[in-house]
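Below is one structure, written out as structure tokens; comments come after it.
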């Protein structure tokens, strides 16, 4: 009997993790009860690129920077990022090990069905599948909404800023932006895998260069910079929420890092379209997490060295309407050159990364 995803339900629930090293991709799928249906055209680089661009440190850290700044500030961000990074890598290593044994597009859904056996497999995989798909809905909606918000901020700053009579879009306009972005992404994701592979590799290059550019450019342009003592020791307790527990504040600030370091299971979901999947799928997971941790930390340090007045950056009365990182970029160029255009262009670089 075949299940809805083509898995032979009467196969033994377990297959040896130390499967033969020279078995072809198609033969490996046959061992798992699958028939090769998808076009297997992705290289190791293509697999990594899509996952790296989905994690996209420039997206998560930019859109959640205000949260990190509010709850703990520099200490939470600078030390919280590597803590979350190490824990994420532990999860990623475990997933990579399983992915090497079960390189199927079902990913976690398939793994849980097999590893839990005939008795628990159906119910556990059902819950895993639903948690996974609801998470996909949430993260897609969330990322696209953050892009709609960023577009609104770019328009606001481009028309003079909040204090200069700039255009501040209503919530209905932002929702319209959101709907348009979601529609475009639905169309793009319906294109052939060869096209998506190209977008993925372009996105990876854009994210990597964008992070390096901004982590160097912003603190270099800023006329006022924070001291190393501020960046590495200042703990912000003025969160405006009445929360006084430093431990709780620190934990809330970790949400910035946790929100960013997600999506690395994409390499597993693309294994049936990846050559040498039992090796390149796990490599995609581990390398995407590792490189994201390194460059994400550099990005955080670079931007935080341009922070000098946390309450002002978070205030809704600033030119960016309280969008902290946009205000940092805008002020860096405005104070240096008398115009914030350079900062707006930098926000455009981030906007494209979020779209990818």
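Cβ atoms here come from the backbone N, Cα and C positions, even for glycine.
Here's what TrEMBL has on this protein:
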- 44-66: transmembrane segment (TRANSMEM)
- 78-96: transmembrane segment (TRANSMEM)
- 169-188: transmembrane segment (TRANSMEM)
- 194-218: transmembrane segment (TRANSMEM)
- 285-307: transmembrane segment (TRANSMEM)
- 337-355: transmembrane segment (TRANSMEM)
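Most Cβ pairs under 8 Å with the transmembrane segment (194-218) belong to 44-66, among the candidate stretches 44-66, 78-96, 169-188, 285-307.
Between the transmembrane segment (285-307) and the stretches 44-66, 78-96, 337-355, it is 78-96 that has the most C-beta pairs under 8 angstroms. Tertiary proximity for the transmembrane segment (44-66) is limited to same-chain residues at least six positions away from its ends with a CB under 8 Å from its CB atoms, namely 77, 143, 146, 149-150, 196-197, 200-201, 203-208, 210-211, 214, 255-256, 259-264, 266-267, 270-271, 274-276, 279-281, 283-285, 287-289, 291-292, 295-296, 299-300, 303, 313-314, 322-325, 350, 353-354, 356.
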